[in-house]
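Asker: Just passing along the structure, written as structure tokens.
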Ligand code: GLY
């Protein structure tokens with residue numbers, strides 16, 4: 001059996017040490033992913049997940065999150081959830097306490113969170129409100145990936161969002177996602193994904209982070225995979241599931257991620273922007289891919305004292 005390991009996308013560094021601490025104590029992959037993701041969701045400096053996530057076109061923060069287990073492919077998710085700072089924990093409650101369902105959205109997801117006793121919070125911080133206001137002006141900055149250049153698709157998306165915002169007359173007041181995958185000492189795997197989705201998205205828009213096969217897939221026979229970036233592309237590409245299928249067919253994790261992203265890149269898309277992926281196998285191999293140079297993923301083993309960066313292969 002492989003040693004425990006936890007990997008994550010850019011900005012998961014805020015949570016991976018907590019996840020590895022769970023794994024070191026012999027805890028489950030599910031506990032590790034939840035613990036790690038909650039730290040990320042609670043990080044006020046991160047404007048792509050949880051508290052301080054960037055809002056929709058009406059200035060309201062709506063969160064998507066999911067968890068998938070490798071052994072039985074159990075899946076729990078929430079989408080367009082308002083007012084609850086840790087959607088990953090509500091997704092876990094769907095998985096464990098509502099096994100007759102896999103995905104709750106909007107008001108139903110909030111009702112379930114309330115029934116489960118989760119605490120509400122105001123998710124739009126002063127900093128995220130200010131960033132939202134700044135970003136709705138024309139900008140050449142990238143939306144996803146703080147250190148990458150905006151693509152034409154990013155720019156078209158921004159222009160379209162501005163027009164949408166004007167049309168929806170928002171009240172007063174870089175999309176991104178975090179992926180975390182863990183392998184525990186018993187050999188179980190869990191994939192977690194959490195996001196505030198596209199800034200300025202149409203209210204009610206659900207991305208790939210809440211959808212099995214698109215942004216999240218875990219199958220202990222081959223591995224787990226997750227995506228960040230333009231969710232509409234990974235939905236159409238079935239990208240996370242494609243990666244795991246390619247691993248099952250013999251490809252290594254990095255090459256499987258690259259091939260699945262290459263497939264998604266063939267799809268026509270007026271709003272094209274980058275998609276990234278990462279994957280982990282039950283024997284502890286891992287890899288990632290991205291559309292641009294300089295992208296990394298991070299990992300911790302039991303020997304790690306802090307998260308270590310690894311380069312993603314480039315399309
Ligand atoms: N990948 C996150 C989203 O599209 O919302």
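Including glycine, each Cβ sits where the backbone N, Cα and C put it.
Features from TrEMBL:
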ACT_SITE  177  active site, nucleophile
BINDING   205, 206, 207, 208, 228, 229, 230, 231  substrate binding site
Asker: Measure between the Cα atoms of every pair in 205, 206, 207, 208, 228, 229, 230, 231, the residues the record assigns to substrate, and report the largest value in Å, rounded to a whole number.
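Answerer: Taking every pair of listed residues, the largest Cα separation comes to 16 Å.
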Asker: How big is the Cα-to-Cα gap, in Å, between residue 206 (substrate binding site) and residue 177 (active site, nucleophile)?
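Answerer: So the alpha carbons of residue 206 (substrate binding site) and residue 177 (active site, nucleophile) sit roughly 13 Å from each other.
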Asker: Please report the number of other Cβ atoms within 10 Å of the Cβ of residue 230 (substrate binding site).
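Answerer: Excluding its own Cβ, the number within 10 Å is 28.
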Asker: What is the Cβ neighbour count of residue 229 (substrate binding site) at a 10 Å cut-off, with all protein chains included?
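Answerer: The answer is 27 other Cβ atoms.
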Asker: CB neighbours of residue 207 (substrate binding site) within 10 A?
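Answerer: Other Cβ atoms within 10 Å of residue 207 (substrate binding site): 28.
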Asker: Could you round the CA separation between residue 208 (substrate binding site) and residue 177 (active site, nucleophile) to a whole angstrom and send it over?
Answerer: 10
Asker: By the DSSP assignment reduced to helix, strand and coil, which category contains residue 207 (substrate binding site)?
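Answerer: DSSP assigns residue 207 (substrate binding site) to coil.
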Asker: What does DSSP say about residue 177 (active site, nucleophile): helix, strand or coil?
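Answerer: Looking at the DSSP assignment, residue 177 (active site, nucleophile) belongs to a strand.
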Asker: Taking the Cβ of residue 231 (substrate binding site) as the centre, how many other Cβ atoms fall within a 10 Å radius?
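Answerer: A 10 Å sphere around the Cβ of residue 231 (substrate binding site) contains 28 other Cβ atoms.
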